[in-house]
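Quick look at what Swiss-Prot lists:
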TRANSMEM  15-35  transmembrane segment
TRANSMEM  42-62  transmembrane segment
TRANSMEM  65-85  transmembrane segment
TRANSMEM  101-121  transmembrane segment
TRANSMEM  129-149  transmembrane segment
TRANSMEM  160-180  transmembrane segment
TRANSMEM  183-203  transmembrane segment
TRANSMEM  219-241  transmembrane segment
TRANSMEM  265-285  transmembrane segment
TRANSMEM  299-319  transmembrane segment
TRANSMEM  335-355  transmembrane segment
TRANSMEM  370-390  transmembrane segment
Amino acid sequence: MEGLQPVRSLFTRFFQLEAASGLLLIAAAVLALIINNSPLSYLYGGLLEVPVAVQVGALNIAKPLLLWINDGLMALFFLLIGLEVKREVVDGHLSKPSQVILPATAAVGGMVVPALIYWFINRDNPAAVAGWAIPTATDIAFALGVLALLGKRVPVSLKLFLMTLAIIDDLGAIIVIALFYSGTLSSVSLLLAAACLLVLVAMNRLGVIKLGPYMIVGLILWVCVLKSGVHATLAGVALAFCIPLRTRNAESSPLLALEHALHPWVAYAILPIFAFANAGVSLAGMTVDSFTHPVPMGITIGLLLGKTVGVFGLTWVAVKLRLAALPAGAGWGQILGVAILCGIGFTMSLFVGSLAFAPGSSEYAGMDRMGILTGSFFAAVIGYAVTAMASRKTSIA
């Protein structure tokens, strides 16, 4: 049991960080909206378009600041997701099939139903259909943060259900990005990336436990993936899967150490910076028609209704078919509340939206953000209210 203590303390720290960072994410998004709809809007747009170049010998990477944030900083976010997924699969809640069935089933429903709703609303517009994956994402920071506001009124099992569901949802998002949002591929860069991956695997098998060598090869891997046409953030996931969880010295774990070190940076810096850079929607000239356009409407309905129906519906099916049981101490009202909270797409939806509708090159770049912010806001408010009412009834009973 003592060996599980680091994992338990890490989960406690993780939940506290994600809950606290939710308020910072909201503040960053609101600040972006205020600045971009004020006389200072030119500063906001100008800042994100500032060219940043890095050159090492013949290698030159030049991008506007916005893309450095989306391709660079978010690679660290996906590195953290990869570490969490590996830990859960090897030694956590995803290591036991009986514990995976319910959240995995719910996660599948929470991705498929929103995608179908968005596709149905935008089916006559091929350019708009490219955003089908936007409402399939769940922002783990916001969802857990809202649930944390209820404190001890919700059972720990319900929090674990939401966390596991969100991690599986993130894994699904990674697969979607790899399969559907990669550009023209460069065979040379892909071969170099594969070589880096082989080196990382070899280091793992040879028992290398120092994080420094992994980070150096990981940086080279990121550059190769960036140049390959596959989205660069996937390099973070690949690197994470190669970091060893266990060592011959049972008291140390490179994976847990890196995860522990990354959490505050991701929670309090990377995600708020990303939110600030991507949530600045211009409200100038916005009318009711702006919200009823198929793109924002598809995203809003997909997040709010699609996530609820998908997560709650497949959870109900799994329980009724006796494939799994409800989380201990949780009632159906609380499951409904959590299903609604899964509609908080925010950062993950904004990220997928930046791939589907690239800022500056797609007419839907601003529309998708309107749908994401609207759907996420109502999902947070309604989800909190439903979960709070259901928890009160459960505690009274």
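Keep in mind that glycine also has a Cβ here, set from the backbone N, Cα and C atoms.
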The transmembrane segment (65-85) touching the transmembrane segment (265-285) per 3+ Cβ pairs under 8 Å rule: yes
Considering the transmembrane segment (42-62), which listed stretch of 101-121, 160-180, 219-241, 335-355 counts the most C-beta pairs under 8 Å: 219-241
Cβ-Cβ under 8 Å with the transmembrane segment (65-85): same-chain residues at least 6 beyond its ends: 14, 47-52, 94, 167, 170-171, 174, 218, 222, 226, 231-241, 243, 255, 258-259, 262-263, 265-266, 270-271, 273-274, 277-278, 351, 354, 359
Cβ-Cβ under 8 Å with the transmembrane segment (129-149): same-chain residues at least 6 beyond its ends: 15-16, 18-23, 25, 110-112, 114-115, 117-119, 122-123, 158-159, 162-163, 165-167, 169-170, 172-173, 176, 180-181, 267, 271, 295, 298-299, 301-303, 306-307, 338, 341-349, 351-353, 356-357, 364, 368, 371-372, 375-376, 380, 383-384, 387
Non-local residues, at least 6 beyond the ends, that sit with Cβ under 8 Å of the transmembrane segment (335-355): 25, 29, 70, 74, 106, 110, 131, 133-143, 146-147, 158, 161-162, 165-166, 169-170, 173, 176-177, 181, 231, 271, 274-275, 278-279, 299, 303-304, 306-308, 310-312, 315, 326-327, 365, 368-369, 372-373, 375-376, 378-380, 382-388, 390-391
Highest-contact recorded stretch vs the transmembrane segment (101-121), from 160-180, 183-203, 219-241, 299-319, 370-390, CB pairs under 8 Å: 299-319
Contact between the transmembrane segment (219-241) and the transmembrane segment (183-203) (at least 3 Cβ pairs under 8 Å, separation 6+): yes
